[in-house]
Amino acid sequence: MTLYQLGNGKKFYTLTFGCQMNEHDSEVLAGMLDQMGFEKAASEEEADLLIINTCAVREKAEQKVLGKIGTLRYLKENKPDMKIAIGGCMVQQEHVANKIYRDFTHVDIIFGTHNINRFPQLLEHVMQKGKRVKEISQDDSQVFENLPHKREDSIKAWVVISYGCDNYCKYCIVPYVRGQQRSRDPEHIKYEVEKLAKEGLKEITLLGQNVNSYGKDLDQNISFTNLLEELSKIEGIERIRFMTSHPKDFDKELITTLKESNKICEHFHLPVQAGSNKILKKMGRGYTREHYVDIVNDIRAELPNASITTDIIVGYPGEEEEDFQETLDLVQNVKFDSAFTFVYSKRSGTPAAEMAEQVDEQTKKGRIQKLISVQQEISEQRNKDLENTVQRILVEGVSKNNEDMLSGRTRTDKLVHFPGDKELIGELVDVKITRGHSWNLYGEIFEDSLT
């Protein structure tokens, strides 16, 4: 039996934890399995192969994964021929991979982030020889092109422009599990986007741990803004998004590029992490509070309707009440459209995990609750400010909240629910906003847009 016949008559199911990069990797795994003859299962119980794509950014995510792996023991007892594979950032940490291999003997395959291309061969080994395998590569120098994708979404797609990160923020595990920055060749990116356009997709989101530093590791002279300009020329693609931006490498040229484009969406995900210069320095972020505020002011001066979202960590080692108040003050002054807020979580192997002055859990809990309360009020007001305006929406599908409604996003990445015909899915329509809430908007189709 050849490699590309192994999956004939078999089904797979993937559980994905973590960020958009992991979602992209799961699409790659699905593409490989599709080529091998596997079909997607409707549930874990139906699967012959179960893959867990893991996240290592916070301890809570790791504990959740370990708990899930434990429960799969009973599933495999009832279906002994099922194969279980664990991949992603969590098992790129060798001590974690070894623990899972040792403690969870029902797991058949363990593979890391740097050898996802080898998954078909690892699966073949297990299926034909019946032996478990653990393979974690430490070679973070390669970029694998032409890997297959199996995308579920026919409207929008993730497109990776770079892998890894060179920043080594003191709290962050990502450079250790994703490796050094490797920018993809712009021609390969362009080819992928052109292919997506031919398939009828309308929107792409460019992914990188730090999109602003794209190209700095390439021999050719190309910047992120150069890449955006080239991709904007591709016919069929209506919207281009990107994430994540790093304040240290952000420049005004990006703002100008957005202002001059009718395709690149006016949304900046710009993680600030803290509002205290003392904490920013301890984090190794490479910028000050003042520099960050200057970026925000530059964006709003040129693109007043742009949305700005962020990430914030509370309870970082050494964070005193005064530091936290500076973060609250920044939030209240910048008025982010939304914020992903996190309690600091120790990551083994990072400098921050060894720092003195670790903040106690009760203090962290009080601070995160206060921050969420402040930001939620701001988010609600930012969305209420859009009431009675008409927004251009890319209709993504039936609303998850109400199957009688459609949902889609504004150019500024606001989720909007509204009544409409399912034939509009995949189309751009104008919607008049009637209600704004903290996390979403409601509206009705602006009839003039359908005539």
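Placed from the backbone N, Cα and C atoms, the Cβ positions cover glycine too.
Owing to the predicted nature of the structure, the values given are computational and were not obtained by experimental measurement.
Swiss-Prot annotations:
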DOMAIN    10-128  domain 'MTTase N-terminal'
BINDING   C19, C55, C89  [4Fe-4S] cluster 1 binding site
DOMAIN    151-381  domain 'Radical SAM core'
BINDING   C165, C169, C172  [4Fe-4S] cluster 2 binding site
DOMAIN    384-447  domain 'TRAM'
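Overlay of Swiss-Prot feature records on the structure.
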| residue | record | Cβ contacts under 8 Å, 6 or more apart |
| --- | --- | --- |
| C19 | [4Fe-4S] cluster 1 binding site | C55, V57 |
| C89 | [4Fe-4S] cluster 1 binding site | G18, N22, T54, C55, A56, V57, T113, I173, V174, V177, R178 |
| C165 | [4Fe-4S] cluster 2 binding site | C172, V174, P175, R178, Q180, Q181, Q209, N210 |
| C169 | [4Fe-4S] cluster 2 binding site | Q273, M283, G284, R285 |
Exercise. Would you count the other CB atoms within 10 A of the CB of C172 ([4Fe-4S] cluster 2 binding site), including those on all shown protein chains?
Key: 21
Quiz item: In the same chain, which residues outside the set C165, C169, C172 have their CB within 8 A of the centroid of the CB atoms that define the [4Fe-4S] cluster 2 site?
Solution: N167, Y168, Y171, I173, V174, P175, Q209
Practice problem: Using the centroid of the Cβ atoms of C19, C55, C89 as reference, list every other same-chain residue with Cβ within 8 Å of it (recorded [4Fe-4S] cluster 1 site), in sequence order. | Solution: F17, G18, M21, N22, T54, A56, V57, A61, G88, M90, V177
Quiz prompt | Residues of the domain 'TRAM' (384-447) by DSSP state, where helix covers H, G and I | solution = 5 helix, 33 strand, 26 coil
Quiz item: For C89 ([4Fe-4S] cluster 1 binding site), which DSSP three-state class applies?
Solution: helix
